[in-house]
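Reading through the structure tokens given below for one structure.
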Amino acid sequence: MKKNDLFMNSFITLKRWLHMNSQENNMEDPRIRFSTLLKNIILMIMSCSAALSLFAVDVYYPSIPEIEVELNASQIQTTLALVFYLLFMGIFPIFVGALSDFYETRRYIIIPSIILFTLSSIGIAFIKNIMALIILRCFQAIGAGSSMVLGPAMIADLYPIEKRGKAYGKFVFGLIMGPTIAPTIGGFLAMSDISWRASFWFCAGLGGLLTILTILCIPETYRKHSKFDIILPTTPVEKCYYDKVMDSSNDSTNNEQNKDNYLEQVQQKEDTTEKKFNPMLPLFLLRYPHVLLSSLACAIAFGVQISTDVILPNLFQEKYGFNALEIGLAYLSGGIGNISSAILHGIISDKLLLKSRSKRMGGKHKIEDRFTFNLWPSCMILIPLGSLLFGWSIKNGLNYWIPMVGYFISCFGTTQVLAIVSTYLTDSIPDHAASVAAGTVFVRETITCLLSLFSVKLLDSIGPGYLTIVLSGLIWVSFGFLIILKIYGQRFRYHSGLKQLEE
């Protein structure tokens, strides 16, 4: 009897799991269908998967001197291995975003991507020359890039606008844990008998674990916003959208009939409109001024941080005599800045958005409310200040704690900018959340590649002090882009035909 009960319970559990991932069940709104606990589990796994992509970047830094010696490679060649990783992590998500939005799936793209990352990491652990490292890092990047796109898309699926800031804060917190601990772990593993190869065995282990967790715990989350915002308004903002569809009459029968008529029209439009796959959709979205300017602002902020990450190992080895483990520990200051910034963003982002909305007559919603006051000092002051403190303290031979403090300040400001602007982009085009995230990642990784190569070359010519002046100047350019968006962003969206009905 007990065996039969166990069998029946297992069968029921399997049936529920299959139903959770079925197309039939996708007729339900994922914001209502999934519990808060499951949403948090999805966020945790997706943030860890996205963290894996950045973990594989930063775990590489402390081992750069050892890789150059063992593989007989130059600094430019080891930098190219990083640059191509970032480049492919920017290019491949274009197709991921387009595929995800066209086939209306998140789950069945993320699983094979993580598997590819795992297999590539195993391959890197066996390579014998620098060219093999560069090639396999490209495949590793293809597998890693999907989570950077699908994570924000899932947040748009699962959370309304008023809760996305907190959700994105949780996502970013997990995301930045990768680059926070990666250099320390990479430095520690580089001291082992198999040197830098141990870091990539570690990546393979993490990838395998995340593959299992993704298969078991992440359901399909894709949400049709045009449909569910009408059927089941889940927030006051969406209720405004819903009310505009209803007749002003108090007759509930008429209201219900109007809703049914509207839904029938929506369904007929979907049935008669031929859906075409456009692999270049993420790039086409960049033609909208608010998407392009936001992507450029994110790209510059991220590129400046990665450029600092790239030059840090050799600077600390030459100026302070740090070994691989000590270099890894030096990165912790930036990681602490990222973590504290993500926590702050999660706490205050949505509260500040609602406060901005309350000051407007009638509390009318506006997407640009996402640009809250914490964005401006982060971009205008903190990032340039931290960058200049980092570069000039090293140039003048000051104690290593001073550049580490500068690194902390710069990373704190960078995370604020990335989190706020990324959430804004998701809010502005929720129906193509994966595609707009893919376009942003493409711009970000492309500019980061160029800035990384540029910084390494320029460092040899003008030194760290003047290099950080150049990088700070770029940050102020991105600040100008954000000011333009704050003032004219709504006008840009309206002109592009992207006005949301609740505005």
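Glycine too: its Cβ is placed from the backbone N, Cα and C atoms.
According to TrEMBL, the transmembrane segment annotation covers 37-56 (among others).
Sequence annotations record features per position, and here TrEMBL assigns domain 'Major facilitator superfamily (MFS) profile' to 42-490.
Marked as transmembrane segment by TrEMBL: 76-96 (among others).
The feature transmembrane segment is assigned by TrEMBL to 108-127 (among others).
What TrEMBL lists as transmembrane segment is 133-159 (among others). Packing against the transmembrane segment (133-159) from elsewhere in the chain are residues 30-31, 34, 39, 42-43, 46-47, 49-50, 52-53, 56, 67, 71, 77, 80-82, 84-90, 92-93, 96-97, 100, 106, 109-110, 113-121, 123-124, 127, 167-168, 171, 175, 203, 207, 221-223, 225, 422, 425-426, 430, 433-434, 437-438, 441: each is 6 or more residues past its ends and has a CB under 8 Å from a CB in it.
Residues or ranges marked as transmembrane segment in TrEMBL: 171-192 (among others).
Under the heading transmembrane segment, TrEMBL lists 198-218 (among others).
The transmembrane segment annotation in TrEMBL covers 285-308 (among others).
Outside the transmembrane segment (328-354) by six or more residues, the chain places 58, 61-62, 161-166, 168-170, 172-173, 175-177, 179-188, 190, 305, 308-309, 312, 316, 322, 369-370, 372-374, 378, 400, 404-405, 407-416, 419-420, 423 with a CB less than 8 A from a CB of the stretch. Summarising the annotation, TrEMBL assigns transmembrane segment to 328-354 (among others).
The transmembrane segment feature in TrEMBL is assigned to 375-394 (among others).
As annotated by TrEMBL, transmembrane segment applies to 400-421 (among others).
Residues or ranges marked as transmembrane segment in TrEMBL: 433-454 (among others). Distant neighbours of the transmembrane segment (433-454): 79, 82-84, 86-87, 89-91, 93-98, 100-101, 106, 145, 148-153, 155-157, 281-283, 285-286, 291-292, 294-296, 298-300, 302-304, 306-307, 310, 422, 425-426, 471, 474; these residues of the same chain sit at least 6 beyond its ends, with a Cβ under 8 Å from one of its Cβ atoms.
Tertiary neighbourhood of the transmembrane segment (466-489): same-chain residues 289-290, 293-294, 296-297, 300-301, 303-304, 307-308, 311, 367-368, 371, 375-376, 379-380, 383-384, 387-388, 390-392, 417, 421, 424, 451, 455, 458-459, selected by CB-CB distance under 8 Å and a gap of 6+ residues from either end. Summarising the annotation, TrEMBL assigns transmembrane segment to 466-489 (among others).
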Top stretch by Cβ pairs under 8 Å to the transmembrane segment (198-218) (candidates 37-56, 108-127, 171-192, 400-421) is 108-127
Give the one range among 37-56, 76-96, 108-127, 400-421 whose Cβ atoms make the most pairs under 8 Å with those of the transmembrane segment (171-192).
-> 37-56
Could you give the residue numbers and ranges of same-chain residues that sit at least 6 residues beyond the transmembrane segment (375-394) on either side and whose C-beta is under 8 angstroms from one of its C-beta atoms?
-> 297, 301, 304, 308, 315, 319, 341, 402-403, 405-414, 416-417, 420-421, 464-469, 471-472, 475-476, 478-479, 482
Lying 6 or more residues past either end of the transmembrane segment (400-421) yet within Cβ distance under 8 Å of it, the residues of that chain are 168-169, 172, 176, 294, 297-298, 301-302, 304-305, 308, 312, 316, 319-320, 322, 330, 333-338, 340-342, 344-345, 349, 370-372, 374-375, 377-379, 381-383, 385-391, 393-394, 478, 482
Beyond a gap of at least 6 residues from its ends, the CB atoms lying under 8 Å from the transmembrane segment (76-96) belong to 53, 56-57, 60, 64, 67-68, 109, 113, 130, 133-134, 137-142, 144-146, 148-150, 279-280, 282-283, 306, 310, 434, 437-439, 441-446, 448-449, 452-453, 456
